[in-house]
Structures are given as structure tokens and as C-alpha cells.
């Protein structure tokens with residue numbers, strides 16, 4: 001399995017499985033003399049960790065990160081930063097029934113077909129549990145971006161099922177409100193509707209999809225390496241690598257299909273851009289406007305409603321998922337998406353500095 005690393009100058013490699021001893025990552029390319037401790041990383045992990053509200057999986061993990069290397073006397077040394085998070089609340093016995101069966105909609109079938117073996121306990125490497133280390137690495141990237149470039153990377157939940165929040169304008173979002181409710185939602189009226197929907201889904205044993213938006217503000221002009229390492233292409237690659245993500249939009253995204261050129265083009269005046277339909281990226285290069293990326297996440301297939309599938313012998317079976325799972329994986333995906341955007345931006349900033357200035 002060779003796809004465990006992302007980035008060129010700022011490189012993140014993760015390892016570990018859902019029910020293994022621990023999760024870990026190696027972060028290369030962090031510039032020296034950045035003040036860093038576990039306290040800088042833990043808040044984002046706490047936003048992502050399971051068991052923090054009645055709307056997410058009841059699996060409880062402290063997700064306490066430990067820095068193993070790359071930091072001396074409270075500052076980064078420029079060497080590889082190693083981090084681990086120990087797993088503590090595994091219930092592997094919950095997955096005995098699917099040892100020889102494939103859960104429909106999961107990676108069970110494809111992992112088995114590709115590798116001839118799979119860790120069926122909680123999905124193993126394919127579990128969203130792995131994303132904890134992405135969040136840890138992303139927290140480092142976010143700190144460096146904020147302190148050295150004034151760049152803020154923040155996200156919010158914009159839709160669950162058919163419930164959409166009111167349109168949000170960049171610069172007018174109440175981020176304290178976003179982080180004060182379990183849905184990471186800036187629209188109070190939508191929070192109540194989300195609550196009602198999730199409660200109903202939990203009674204039914206079903207799940208639902210979601211959409212969330214990440215905004216990066218104060219990104220300078222010039223990030224992106226055409227033609228194959230365009231900034232939007234790398235953002236899409238990183239965001240599509242998140243479990244359950246089935247679609248990525250930059251700026252207006254798929255809505256451009258209904259727009260005319262006279263509407264979509266972001267006209268300019270001596271005072272700046274008149275609009276931001278492009279989401280802060282033109283020709284694969286950042287324009288200096290806020291970068292706006294939206295992702296769609298599928299409803300998790302880990303539900304208690306019986307589903308048809310096959311076993312290792314290709315025979316028809318019925319699968320009922322046990323274990324503890326999220327009724328909507330999009331809720332905890334906000335800090336994960338923020339992390340992936342931050343990782344890409346820092347990588348491109350370092351590449352920009354090396355080549356252009």
C-alpha cells in the first residue's frame with residue numbers, strides 16, 4: 001500500500017489501523033523554530049474525536065497526541081516530527097460476524113480483492129479513525145500558516161440530507177458560533193433541524209450524507225504549479241482522499257453549469273475583484289481572494305438495517321452492521337477537511353518561496 005504520503009516539501013505520512021495499538025504520522029518539512037507542543041495540536045483533535053456528542057459514534061477515545069521527535073525545548077528543529085495517538089476503546093468482538101462477509105458500501109470487498117487479506121476490525125486502515133493523524137499534522141500546518149502568513153483555514157457544515165443552511169458570506173461568518181455547537185454550523189435555525197433529523201435516523205438505524213465548506217482567508221497570490229500541480233487540483237486530490245468524500249467543488253463548483261460567462265467571470269477594478277465565483281483560484285494559481293472548497297460526503301454504510309452482500313466464497317449473505325458508528329460522518333469531518341486544505345496550502349507556500357521569491 002503505497003498511498004500513505006501527501007505533499008512534496010511539506011510531507012505527511014500516516015500509519016495505523018482502527019483497532020491497532022496506535023495511530024501515527026511523520027511530518028517532514030516543518031520549518032525550524034516554530035513554537036510547538038501537544039497543546040497546539042490537541043484542540044483540533046478534540047473537535048474530531050468520537051464520543052463527544054449524542055450525534056456521533058459512541059466509541060470513546062481520548063485521542064491524546066504525543067510528539068516523539070522533531071521538537072526541542074518547545075521549538076521545531078526542522079527534522080521529522082513523529083506523533084502517535086494510542087487506541088483505547090476498541091471492541092474488536094463487534095466485528096466477528098463480518099470476518100468472512102463484505103459490508104456493502106465499504107472497502108471490505110476491494111481491499112480483499114486487491115491485497116488478498118484485510119483487517120476486518122472496524123475497517124482497519126480504511127477506517128476514518130486514520131484521519132486523526134491527518135488532523136494532528138494539519139494542526140501544525142494551520143499554526144504555521146496563521147503565525148507566519150496570517151492565513152486562517154476554517155470550515156463549517158452547510159448541509160445534512162436535504163436541510164441546507166442559509167447562504168454564508170465570507171467575512172461575516174460567526175466562527176465562535178460555528179465552534180460552539182456540535183454540528184459546526186453557523187446557522188442556528190438549521191441546528192435544530194439537524195438535531196431532529198439525526199435523532200430520527202438513530203431510531204431508524206439509518207444514516208445520511210452531508211456537505212461542508214472550508215474557507216482559507218488571506219492566501220497570497222501565486223500558489224499553485226500549473227499544469228499538473230494546480231492548486232485546485234491538489235486541493236481536490238487531498239479532499240477526495242478523505243473517507244466518504246464523493247465530490248469536491250471549488251468556488252461555485254457544479255453551479256457553474258447554469259451560469260453564463262457574463263455572470264461567472266470575476267470582474268476586476270482598481271479596488272479588486274467584484275466577485276469570487278472561482279473560489280480564489282484562477283488558472284490553477286491562487287488569486288489572493290479567499291479560497292473556498294466544498295465537499296460532499298456519502299451516508300455511511302455502517303447501519304443496523306440488514307443489507308444484501310456476499311461472503312468470501314461468493315455466496316449470498318445478509319449483513320447487519322454491529323459496532324459503534326456515526327449516523328452522519330460529515331459532522332466530524334470539518335476539522336479533517338480543514339487539515340487537508342492547510343496541508344496543501346503550506347506545501348504550496350514552501351514551494352512558492354523556493355521557486356519565486
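Heads up, the Cβ atoms here are built off N, Cα and C, so glycines get one too.
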Can you check which of 37-60, 61-84 Swiss-Prot lists as region 'Disordered'? 37-60
Which state, by DSSP, holds residue 300 (FMN binding site): helix, strand or coil? coil
Rounded Cα-Cα span from residue 48 (NADP(+) binding site) to residue 244 (FMN binding site), Å: 15
When DSSP states are grouped into helix, strand and coil, how many residues of the compositional bias 'Basic and acidic residues' (37-49) land in each? 11 helix, 0 strand, 2 coil
Residue 300 (FMN binding site) to residue 48 (NADP(+) binding site): how many Å between their Cα atoms? 17
Can you give me the Cα-Cα distance between residue 302 (FMN binding site) and residue 48 (NADP(+) binding site) in Å, rounded to a whole number? 19
